[in-house]
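J.: Mind looking over this structure? Questions follow.
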Amino acid sequence: MTVITLTILLFALGIGTSLTFVSSHWLLAWMGLEISTLAILPLMAQQHHPRAVEAATKYFLIQATAAAVLLFASTTNAWISGHWDIQQTSHPLPLTLATLALALKIGLAPLHSWQPEVLQGLGLNTGIILATWQKLAPFAILTQIQTPNSLLLIILGITSIFIGGWGGLNQTQLRKVLAYSSIAHLGWMVLVLQYARPLALLALLLYIIVTYATFTLFILQDVTSMKSLFALGAKNPILTTLLPFLLLSLASLPPLTGFLAKLLILKELTKQGLVLTAALAIMGTLLSAFFYVRLSVATALTLAPNTMTATAPWRLPSSRLTMPISLSTVLAIALLPLTPALLALLTY
């Protein structure tokens, strides 16, 4: 793919997401979602590999189905209420249809089964866009149509937390692990969305930071499976030291950044009187924590099962941009001390 083509596709990706951000009209928001979907499809199929083409086809069919349901929900809302304003969607039928369509777009359980298979068929460079940037536009619409005391969002959140943790237990491919990680983290965001919208957006921001840092380290070392983590220490000891911290941050263990969002969400759920919901979310997170700890042990405490007789490769300086990797890694590990400042911003 040429540089001009790549620039045009990335520009269209940004335009589509930005159009959804600034739209209060259903048709404009739907148009922004479709622009971003059509822009990422050539990026997904650029490898000309059967797995990549299959992943792009699956993604197109799923997103087209969700877009059709979303358009039907918006049309039904206009037919019932006489307007196309997103924030004025109050009838139960279009509200439920739009919520389920957006849940299918971002991969919430039980509408999640496409996400691990699609992410597994992509390269890491495209996978990082699918796991982070493509969640923004549907989540922006979801924050506008949510209504207080929605049982549907609680069911989607709890189901996503448990399926995201349960599905990643027996995975050895890192892209599938990160896909199930995305499902579980999105479940936490949806769980608190109707009670504290800024807190859900903060959880989304922290998830993007930690996931971006983890993906970039995998891209830098060209790591795609669990068995390749065993020999990572011989290639780059510094990155091997940082990777377990990022994985444990995804597992939301203190005192790392990932613990911040879960702590604040549990505090909000308890304040709302949803003690049982908070307890179920904690139990579901224990499942996710297990496979993160397993990957951390494979990275830091396990040696390769074979003896390397070849000459050790030269550790040449990387030609990639290291500043984004360094900045995102620091933020993904050491952001917890800024909790009082973040709480002040949320209350403001």
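Placement of Cβ uses the backbone N, Cα and C atoms for every residue, glycine included.
Okay, so TrEMBL annotates it like this:
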type: DOMAIN; residues: 23-287; note: domain 'NADH:quinone oxidoreductase/Mrp antiporter transmembrane'
type: TRANSMEM; residues: 57-80; note: transmembrane segment
type: TRANSMEM; residues: 151-170; note: transmembrane segment
type: TRANSMEM; residues: 177-195; note: transmembrane segment
type: TRANSMEM; residues: 201-220; note: transmembrane segment
type: TRANSMEM; residues: 241-261; note: transmembrane segment
type: TRANSMEM; residues: 273-293; note: transmembrane segment
type: DOMAIN; residues: 290-342; note: domain 'NADH dehydrogenase subunit 2 C-terminal'
type: TRANSMEM; residues: 325-346; note: transmembrane segment
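Quick one: how deep are these features, and who are their neighbours?
T.: Residues 26-27, 30, 33-34, 37, 40-41, 44, 89, 91, 93-95, 97-98, 100-102, 104-105, 114, 117-118, 121, 130 of the same chain lie 6+ residues outside the transmembrane segment (57-80) yet bring a C-beta within less than 8 angstroms of a C-beta in it.
Listed by sequence, the residues of this chain that lie at least six past the ends of the transmembrane segment (151-170) yet keep a Cβ under 8 A from its Cβ atoms are 96, 99-100, 103, 108-110, 112, 116, 176-177, 180-191, 193-194, 274, 277, 280-281, 284-288, 290-291.
Within its own chain, the transmembrane segment (273-293) is flanked in space by residues 154, 157-158, 161-162, 164-166, 168-169, 171, 177, 180-181, 184, 187-188, 191, 247-248, 250-253, 262, 265-266, which lie at least six positions past its ends and keep a Cβ under 8 Å from the stretch.
Per-residue confidence over the domain 'NADH dehydrogenase subunit 2 C-terminal' (290-342) averages 72 (mean pLDDT, predicted model).
Same-chain residues lying 6 or more positions outside the transmembrane segment (325-346) and placing a CB less than 8 Å from one of its CB atoms are 196, 198-199, 202, 206, 209-210, 212-214, 216-217, 220, 242, 245-246, 249, 254-260, 263-264.
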J.: Using a Cβ cut-off under 8 Å, which residues of the same chain at least 6 positions beyond either end of the transmembrane segment (241-261) come close to it?
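T.: The answer is 181, 185, 188, 199, 202-203, 206-207, 209-211, 213-214, 217, 229, 232, 285, 288-289, 292-293, 295-296, 299-300, 329, 331-336, 339, 342.
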